[in-house]
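Read the structure below first, then the notes.
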Amino acid sequence: MMVPSSKSWEWVGAGSTSGQCQQNPRMVGVFFINLLTLGREYSAHLRRSLMKLQNLWKQRTVGILLEYEKSGELRTKSIDLLELSSSTDVGALVEEIQKVEPLITTSRTQQLTLLVQRLQEKLAQHSDHSFYLFKVLRAHILPLTNVALNKSGSCFITGSYDRTCKVWDTTSGEELHTLEGHGNVVYTIAFNNPYGDKIATGSFDKTCKLWSAETGKCYHTFRGHTKEIVCLSFNPQSTVVATGSMDRTAKLWDIENGDEVFTLTGHLAEVISLSFDTSGNRIITGSFDHTVVAWDTATGRKMYTLIGHCAEISSAMFNWDSSLILTGSVDKTCMLWDATNGRCVTTLTDHDDEVLDSCFDYTGKLIATASADGTARIYCTATRKCIIKLEGHEGEISKISFNPQGNRLLTGSSDKTARIWDVQTGQCLQVLKGHTDEIFSCAFNYKGNLVITGSKDNTCRIWR
């Protein structure tokens, strides 16, 4: 459990709301439920504040959000319940919370207990969920390049070789907006989750564009790269968007005014992956030069270079508390690094072919890897041992992600299927069939009860 330090605060109030999240991701989507009701005297101001907090904290893991007053200023703090599961002793957990959090007095014990029990129920809601095909969308006239969900799962976006990005309503399948203006392939796309009110698109025309998710208006066109943009990411605060390019550089851009903040130079080959840490103070860039570099986002200076892979990097990400970095490579390995000093902690060497994707679960306790050898593996982060091998796909696995609850794993494969796996047993629970070509993108929404898949057959499928 991660609890911010606290001194003398005056209790004002707290609110009850709910939200769940995907991937990543980096930071990439996490499951947070804002549930703490400690009093009934809510002012209109507090109610409005809590409605805002509903959106601001959707990227977190399971936890409690507190609202308090310090020196006349309204503030918030979170208690992340990373250990909470269906088997957790609620009474013992409540005692632990009260020991370290002075804002929660003994008079609130019963209310806190009830709310933690509700969190448990939320976690278990979708554990036995069976997905069915809800919608098939033929999104573009030319092939798709990428698919991404907003955190609520209410809408998603698709990029295409037709030079556009489209915004879709997940429930109805209706096209909401077509984002037009790029002069070449729209290759990489993202929402500014957890907020979800902006979209970034990166193109082979060497530019990145920032759009309103609600109206489709283009706010800025970021120009400066000299070759194709192939990856991008918002920082968690949604103040900066980072782009990576075939020109061997990454750039940081100010979302508010559209200015370039820094150019990150030093790689000897294309930059193909980007990931911010949870604080937004660091970003890592993965390259075809076989290395990953960590940068200070406040200064644009290189902090250290992760050297150890002997082939191109396929993925790179921080864990939840930003203490570790996971990198995957086509050299058939994943490597785990200490994020404080850049030292290699271990190398995972079980795959027989290229590692195409890798990720942490939302607590950072587990690692999942996907490979061209047709298997996926789950590792214990603490022991660095493979605990489960997932077999069943008949082609390479290019995408892998945990659901926000951490009990399911989603894989997408060139065998035209996606699969849902039980994380504890390794059992394949469901095969999502219907695509007629390779699946290149797949993701859970933050409730874990919706999956979207994108395929080279030029369709997206929504599974509920």
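The backbone N, Cα and C atoms fix where each Cβ goes, and this holds for glycine too.
Under the heading repeat 'WD', TrEMBL lists 137-178, 179-221, 222-263, 264-305, 306-347, 348-379, 390-431, 432-464.
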Beyond the flanks of the repeat 'WD' (264-305) by 6 or more, those residues with Cβ under 8 Å of it: 24-28, 230-237, 239-240, 242-252, 311-318, 320-322, 325, 327, 329, 331, 337, 339, 341-342
Counts of helix, strand and coil residues, the repeat 'WD' (179-221), according to DSSP: 0 helix, 22 strand, 21 coil
Confidence summary (mean pLDDT) of the repeat 'WD' (222-263): 98
For the repeat 'WD' (306-347), the number of residues DSSP places in helix, strand and coil: 0 helix, 22 strand, 20 coil
Secondary structure content of the repeat 'WD' (264-305), with strand meaning DSSP E or B: 0 helix, 22 strand, 20 coil
